[in-house]
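Asker: Below is a structure I'd like to ask you about.
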Amino acid sequence: MMVSLKSSLFFMLALLTVVHALNFDIPAKTNPEPFCLREYVGEKNLVIVNLKTTGNMGDGQTLSMMITDSSGNTHSSIQNVLGEKSVAFDVDASAMLDICFLNTLTPGAIESEHKKRSVKLEFTVGADADDYSSLQKANNLEPVEADIRRARDFIEEIKGKIYYLQAREARFRNTNESTNERVKNFAYLTFISLFVLVIWQILYLRSFFQRKHLIP
């Protein structure tokens with residue numbers, strides 16, 4: 001029974017675990033546009049971002065990284081990313097995280113297709129980022145108990161993401177309904193204005209023709 005339960009938990013964790021690992025190139029420009037990645041993070045979660053980049057000092061490029069959220073908070077800002085970097089921070093409220101990179105040519109460097117930095121990014125959040133081995137030792141938990149706690153945390157993350165998406169959908173729906181109402185009111189106002197204008201034009205022309213004795 002214990003083996004079956006543990007196997008089921010491992011299967012569940014395999015389904016719930018999402019590997020956030022990306023490899024990409026960022027070309028160096030004199031006036032570069034930000035290259036951004038976006039990820040939802042639930043409230044009260046630990047976030048760990050690991051970077052590994054190519055390049056070296058004096059290669060004519062300066063790669064910078066900034067991590068912000070949809071509430072306007074800045075969680076990390078690194079002006080010269082070289083080699084391996086690791087950033088860890090806590091997120092108090094549910095938000096969309098933006099991880100943005102800029103690769104800028106240093107003064108005097110010539111822009112070319114060979115001027116670029118290759119980046120390997122690993123992004124872990126919540127249950128992925130928590131150290132359950134340390135938690136297991138600190139609380140004298142059985143391996144299956146640690147797996148259960150991890151599965152529970154994953155489920156809470158998924159619930160948080162669903163609630164966030166539902167709230168965002170409701171907000172968009174309310175915005176659409178408000179916009180539709182405004183468009184409808186504007187259409188009514190336009191129709192009434194045109195109707196009044198037509199009546200006024202008819203009365204004006206009637207008065208004009210009467211003054212010219214063209215109609216009785």
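Here, residue 1 is simply the first one shown, and the rest follow in order.
Glycine residues also receive a Cβ, built from the backbone N, Cα and C atoms like all the rest.
Swiss-Prot lists these features:
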DOMAIN    34-150  domain 'GOLD'
SIGNAL    1-21  signal peptide
TOPO_DOM  22-184  topological domain 'Lumenal'
TOPO_DOM  206-216  topological domain 'Cytoplasmic'
TRANSMEM  185-205  transmembrane segment
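For the listed features, I'd like the structural context: burial, neighbours, distances.
Answerer: For the topological domain 'Cytoplasmic' (206-216), the DSSP-based tally of helix, strand and coil residues reads 6 helix, 0 strand, 5 coil.
With a threshold of 8 Å between CB atoms, no same-chain residue lying at least 6 positions outside the transmembrane segment (185-205) comes near it.
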